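Have a look at this one.
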């Protein structure tokens with residue numbers, strides 16, 4: 001007889017190799033055929049809603065690792081929620097207006113100037129839709145489950161119409177105004193920028209100290225002094241109209257040779273050192289407030305510079321006397337407005353100085369620094385010139401420096417509802433908790449929001465102007481424009497005359513001749529995506545406002561979290577979200593930012609093509625995503641190893657359940673052995689731990705819990721000793737069916753627990769599980785932890801056994817290294833445990849040699865009675881020797897009963913019995 005044919009070895013068609021790059025697309029096709037998204041919505045219909053609102057990625061180019069991290073995290077949450085009593089719809093979105101698309105078309109050779117605005121915008125829309133399609137396929141390949149056929153896209157007419165409504169509502173409340181004000185201006189984009197479109201980079205700049213002679217000392221100064229200002233932007237000096245000092249600071253009149261200079265007293269030593277003064281002496285001090293309304297002369301123009309008081313003046317750098325140009329700075333503008341100064345801005349859209357800067361007109365602002373400095377030297381006003389490298393704002397798209405420039409722009413007044421914004425921030429749940437402080441400070445400190453852009457590709461600002469220049473924004477005009485956009489899209493604004501965009505028969509007192517013109521500026525793209533709570537959450541039947549969660553990268557505190565909050569609070573008085581969760585950026589393996597120049601860019605597509613989407617998803621679950629995260633080939637190799645372990649666990653479980661019918665073979669919990677019940681306790685602990693981790697969005701805890709359960713609880717313990725029963729005993733042996741009962745519960749629970757993270761693998765495992773009826777594991781719920789009555793006692797006892805077992809394993813390892821034994825089944829062990837452990841061992845009814853995977857087990861005396869040369873561990877001393885007897889051909893146990901049964905000379909007594917009872921006819 002071939003004894004190997006009497007072993008019940010694992011049998012399954014579930015493949016050992018994942019081959020995910022090939023298998024996943026096939027699984028995704030299957031999901032598409034069965035309409036898995038709709039099926040899940042149907043299955044969860046009527047449950048409480050959980051809405052995670054998708055922040056729209058920008059529709060340009062392939063998805064990068066940041067996109068992958070973001071979408072996969074969202075997918076974890078949505079999938080988990082739909083398996084825990086919620087209906088969790090997920091509507092993906094795209095942000096589709098803005099400069100990058102205009103630039104992409106220019107790079108493709110589109111001649112913008114040779115076509116109408118409407119024609120150019122049509123090309124922009126076509127390009128945007130192509131990009132949406134491209135990214136949609138890549139997101140699907142990640143295994144993200146979403147309403148892919150019905151996304152929201154910011155260029156779609158229905159969306160634009162709602163955005164116009166948001167603008168109209170804000171205007172109605174008096175929050176929208178037009179004003180001349182310094183804004184971030186990008187000469188390279190020829191447009192105003194919002195704060196969210198700025199990034200800081202190092203820049204080399206001239207650093208100059210300039211003397212402004214006093215013209216009128218107002219009886220505080222004698223008139224022969226000079227104010228010293230410091231600036232790193234010499235090109236703004238033609239726009240200088242004043243000098244700001246702090247009312248509370250003390251100012252010194254410093255005599256240096258024959259000159260007298262005015263600086264802040266506490267900066268005396270710093271300035272003296274910088275300007276290399278010798279024998280400088282302070283001849284008088286005055287309070288800043290006393291200097292108000294004194295007058296200085298502009299260094300090279302025949303005009304005055306008024307001395308004003310400003311709280312923005314600090315002693316962090318410079319001289320305490322601040323060059324003030326209301327056309328080129330926020331603080332300058334505010335102070336200048338208070339003192340009635342004009343807003344002089346002698347720089348045009350392209351960053352070129354105009355005739356309002358005589359002597360420098362026609363020069364690009366950066367190129368004007370040198371001639372202006374030379375002019376200062378010529379007139380004797382330049383006290384010092386050096387160069388410094390400092391952090392300076394740049395256009396996030398063109399990567400070129402920006403300037404502050406006063407222009408006529410449309411603004412949303414944040415000041416008008418700042419208090420409500422701060423209250424909304426306080427009512428929101430922030431993860432990580434520092435997010436609250438971050439957004440609170442941003443809202444507290446931010447100026448009014450410049451919402452106009454001087455570009456073509458975007459949603460037009462729906463304002464008309466009367467003949468007398470009055471802006472027209474009424475309910476009637478807003479609703480009419482919104483209806484036109486809903487029907488024709490926003491291109492209609494550029495295709496029709498103003499009169500054809502107004503309601504029929506519209507009149508206005510400012511237009512006696514019935515003539516009107518329309519605004520040509522478009523809205524900031526942050527106003528587009530920031531209106532999604534209205535256009536998507538409020539408008540879609542399957543969603544609701546506020547959303548339960550917004551989840552984006554930490555750069556969105558100043559971006560989408562901020563703009564969404566501003567428009568929502570302005571329109572509804574409430575935040576658009578109940579909770580906000582943010583993640584960090586993806587860096588390379590060494591913690592460096594990814595860049596083309598370093599050549600360290602990791603692309604999601606490459607990972608999916610080589611390893612598979614589930615490996616990428618498993619990586620996402622493994623990292624502490626609330627900080628910046630790292631990815632590299634080595635890191636992915638480790639993750640792939642963990643995946644292999646999880647997959648092999650599934651395969652082993654399936655293989656050993658091939659002949660198990662849950663309806664017929666399940667053993668009642670009360671009839672299970674203690675060790676089996678202990679395994680159920682461990683499983684229930686896992687279920688509880690994993691669900692708690694999912695609830696708190698702690699996916700790394702899910703990853704580690706599942707990995708540890710597979711390697712430590714299953715592979716190293718339960719499955720290891722179970723083989724001796726599963727393979728060796730007869731099919732219906734009670735111990736075998738008991739273990740299978742536990743394995744079945746483990747398999748079903750484990751498959752469900754990994755579903756949010758490894759959906760492809762979970763749905764691949766699912767149909768192989770005996771007795772399941774659902775078409776997909778996604779149509780099931782998370783497992784419930786079942787509390788066993790004696791769970792605590794089992795845990796105490798068997799956890800103690802596991803620590804003792806560790807000591808035994810160490811002893812076996814030593815014996816193996818010393819060649820006392822080959823494998824552990826060659827061993828006979830005698831234990832000399834502590835009193836506590838001895839009592840525990842004596843209370844165990846199981847076959848202990850089986851649990852230790854040795855051929856012979858004896859319990860000796862107490863630990864102190866152990867032979868002197870026996871290795872002693874924390875809980876026991878262990879004597880390891882060769883087991884006596886021969887090795888059984890069938891179970892490989894060393895036994896003295898080999899050949900006792902004459903018909904089966906090479907088998908031990910146990911195997912001979914099994915073979916006779918089950919295989920001999």
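Including glycine, each Cβ sits where the backbone N, Cα and C put it.
Okay, so Swiss-Prot annotates it like this:
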- 57-67: motif ''HIGH' region' (MOTIF)
- 552: L-isoleucyl-5'-AMP binding site (BINDING)
- 593-597: motif ''KMSKS' region' (MOTIF)
- 596: ATP binding site (BINDING)
- 888, 891, 908, 911: Zn(2+) binding site (BINDING)
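Each of the listed features needs to be described in terms of its position in the shown structure.
The DSSP breakdown of the motif ''HIGH' region' (57-67), given as helix, strand and coil counts, is 3 helix, 1 strand, 7 coil.
The number of other CB atoms found within 10 A of the CB of residue 552 (L-isoleucyl-5'-AMP binding site), across every protein chain shown, is 22. Annotation note: residue 552 (L-isoleucyl-5'-AMP binding site) sits in a strand segment as assigned by DSSP.
Counting only same-chain residues 6+ beyond the ends of the motif ''KMSKS' region' (593-597), those with a CB under 8 A from a CB of the stretch are 64-65, 585-587.
Around the Cβ of residue 596 (ATP binding site), the number of neighbouring Cβ atoms within 10 Å comes to 7. DSSP assigns residue 596 (ATP binding site) to coil, not to a helix or a strand.
Counting only same-chain residues at least 6 apart in sequence, those with a Cβ under 8 Å from the Cβ of residue 891 (Zn(2+) binding site) are 724, 728, 908, 910, 911.
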Is it possible to get the count of other C-beta atoms within 10 angstroms of the C-beta of residue 888 (Zn(2+) binding site)?
25
Would you kindly give the Cα-Cα distance separating residue 596 (ATP binding site) and residue 552 (L-isoleucyl-5'-AMP binding site), rounded to the nearest Å?
24
I need the CA-to-CA distance for residue 888 (Zn(2+) binding site) versus residue 596 (ATP binding site), whole Å please.
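The Cα atom of residue 888 (Zn(2+) binding site) is 63 Å away from the Cα atom of residue 596 (ATP binding site).
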Within 10 Å of the Cβ of residue 908 (Zn(2+) binding site), how many other Cβ atoms are there?
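A count of 28.
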Give me the mean pLDDT over the motif ''HIGH' region' (57-67), rounded to a whole number.
91
Taking DSSP three-state, what's residue 911 (Zn(2+) binding site) in: helix, strand or coil?
helix
